[in-house]
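Remarks on the structure that follows.
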């Protein structure tokens, strides 16, 4: 399961264009006077004449001083923001996407969203980063349903369609969860959030996701997955109380490990992609913060995630899109072998834990395509190629015995059920007309089948 999205990207510092294109220097213009020899006269100027000249040169001096002050670039310093005025985050994907935050009305929305709704008042108060992402949206909604206080944070970057992320945020808003538009690397914003709300927990899912995108924009992974994570840990260690942090690592950290199924005790020092390397770096950084500051940190190594409101960069998603469009889908063929299936400001210990979350039954890509063909009622055009060296790994297989033993983790959704739910959502969200036709077709088939068998329906 790969993680969410959040990728703060700054390609330039504010004001650089102005500095480069500043006003050209102005050379002083001199007027050359022609001095004519005059006849020598000896006379004494009157007091009135002296006062007139003094007044004239005083006015000239004042005019020159005023002009200098007005034309000086440093004469008008930028005004400082008032305490309750909105601030702009400088760590968004583009200048036009800079997020605004701050002010009394904003703080009121933050507190209302983070308020515990349980009758006994004993729920958690959770900051969910990457809340507009796939996993973040579902996790935030589940926490809210059980009565916990939940506040989201997301920068809505354009790694994939921001409209899908806005749609998820709107879904959360309907259940009372506010998603702050800001970046995980914005230390000032994080400090403000921890000041306004005494979070008991942080579910950190914000990250720059995707294996192949690192070939195009490697720095976005360092900024979000390393820099952003450190910014969050810094804010958490200085908060009082210190929150417990559960964060998203990835099954990608197993890299070129060939021992399957992947166990939490296996080697993770041979990453196959930059994405995996930044996630592994996060695990090492988390260990340091647990050791030095006593932060409670739990890493979840997600394996493949799928379902409604999923990520468009995942195989099941773009396979569905391309099959419906009649475009060929690429199925990679590999030579992989067979898979066998204390400190800080809080009370109590500060555990440092890592768990695999996935399914113990790995599924070949060909089986996934077969299932999509059946559900979509459209034949896929398959293009079989050898797997390139682009950071992908040939297979993943999770050993989840530790999560089963310590967390009671029991996956209950099989592939067919999960993919069916996704296909239903995909058709309703992107192709409502097509979904309606499929429902009518299914209904007519069902009626004709009942007619042939002689069965009748009854209310239940």
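Placement of Cβ uses the backbone N, Cα and C atoms for every residue, glycine included.
Which of 54-71, 72-89, 90-107 counts as transmembrane segment depends on TrEMBL, and there it is 54-71. Listed by sequence, the residues of this chain that lie at least six past the ends of the transmembrane segment (124-143) yet keep a Cβ under 8 A from its Cβ atoms are 1, 3-6, 114, 116, 149-154, 156, 165-166, 168-169, 171-172, 175, 177, 179, 184, 193, 197-207, 209, 232, 243, 248, 302, 305, 307, 309-311.
This prediction places the mean pLDDT of the domain 'NAD-dependent epimerase/dehydratase' (126-334) at 94.
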